[in-house]
Amino acid sequence: MSQTRLNAFREVTPVELPNCNLVKGIETGSEDLEILPNGLAFISSGLRYPGIKSFEPDKPGKMLLVDLNEEDQTVLELKIIGSKFDEYSFNPHGISTFTDEDNTVYLLVVNHPDFKSTVEVFKFQEEEKSLLHLKTIRHKLLPNLNDIVAVGPEHFYATNDHYFTDVYLKSWELYLGLAWSYVVYYSPTEVQVMADGFDFANGINISPDGKYVYISELLAHKIHVYEKHANWTLTPLKSLDFNTLVDNISVDPVTGDLWVGCHPNGIRIFFYDSENPPASEVIRIQNILTEEPKVRVVYADNGTVLQGSTVASVYKGKLLVGTVFHKALCCEL
């Protein structure tokens, strides 16, 4: 893998926020998170991903819940209910929610049981603080899932971060930079590749009005903007370049701003060294659809506080930052 793609020589200039606290109870990752309009945040924890560090490789992953309205955030593990769901092989990655007209909240979770790829569909039961497992989705066009954005109870766009499924071919694909990864639209009646040619398609999200889809291309350091059409097809509109590896994208439901968890130096994520841990970086993109989007680094840390940030999202003046395999941080903006 080239040093350019990994941004191998990048060092981080710290950018601090006035009041930051690590979220108690998160020690083994918070790879993706999504905040509901009421301030409840879902967090996927304990990802085991081939080639990437894990502090608890033998333990199953879990879904966590944090209430951002509380002064002192406490983490709650969401109980999963459903006879057909195997909790022991649960390995959650990207997540997304969809709220129905009757205010039912569906949580869609990319899962890697035995390092395969599925999408698990849950119904959030707020009173019981549990997830009712409704179904498991598998498809040949969903072989290497990374992230997902729900557009219905079992309808979504998803990124595949590799083309091949064979471990050996996957490593060559990554090493050679084939850029064959792709994005799929899934519904119970139709499954289709909607965009391809990515060097590690990673994060995906949608604008508040549902007209645009944002895709991060990790190893090309780009975020792509696509126009979404009524028949779910996507047309490329523009791309933005960054000096960092862009991971998950969150969209502020009020302003439409993009908040992105990033890896300034990919070497440290892909080749972990506890003496020289991966840094964290959060960028905010305003007015992405205009001629001159405004890009700002809101938070950056060299890995002493937070290692390997993957996601960042905001709620009422608070910023919640998640990581691949480390802790989670909540800051006041």
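Cβ atoms are placed via backbone N, Cα and C, with glycine included.
Per TrEMBL, active site, proton acceptor is recorded for His93. TrEMBL lists Glu31, Asp32, Ile95, Asn146, Asp147, Asn202, Asp247, Asn248 with the feature Ca(2+) binding site. Annotation comment: TrEMBL describes Cys20-Cys331 as disulfide bond. Residues or ranges marked as N-linked glycosylation site in TrEMBL: Asn231, Asn248, Asn302.
Cα of Cys331 (disulfide bond) to Cα of Glu31 (Ca(2+) binding site): a distance of 17 Å. When the alpha carbons of Asn146 (Ca(2+) binding site) and His93 (active site, proton acceptor) are compared, the span between them is 6 angstrom. Neighbour density for Asn231 (N-linked glycosylation site): within 10 A of its CB lie 8 other CB atoms from the protein chains shown.
Among the recorded positions Cys20, Glu31, Asn231, none has a Cα sitting within 10 Å of the Cα of Asn302 (N-linked glycosylation site).
Excluding Glu31, Asp32, Ile95, Asn146, Asp147, Asn202, Asp247, Asn248 themselves, the residues of that chain whose CB lies within 8 A of the CB mean position for the Ca(2+) site are, in sequence, His93, Gly94, Val110, Gly203, Thr310, Val311.
The recorded positions listed here (Cys20, His93, Asn231) include His93 as those with a Cα within 10 A of the Cα of Glu31 (Ca(2+) binding site). When the Cα of Asp32 (Ca(2+) binding site) is compared against those of the recorded positions Cys20, His93, Asn231, the shortest separation belongs to His93. When Cα-Cα distances from Asn248 (Ca(2+) binding site) are compared across the recorded positions Cys20, His93, Asn231, the shortest belongs to His93. Closest in space to Asn231 (N-linked glycosylation site), of the recorded positions given as His93, Ile95, Asp147, Asp247, is Asp147, taking the CA atom of each residue.
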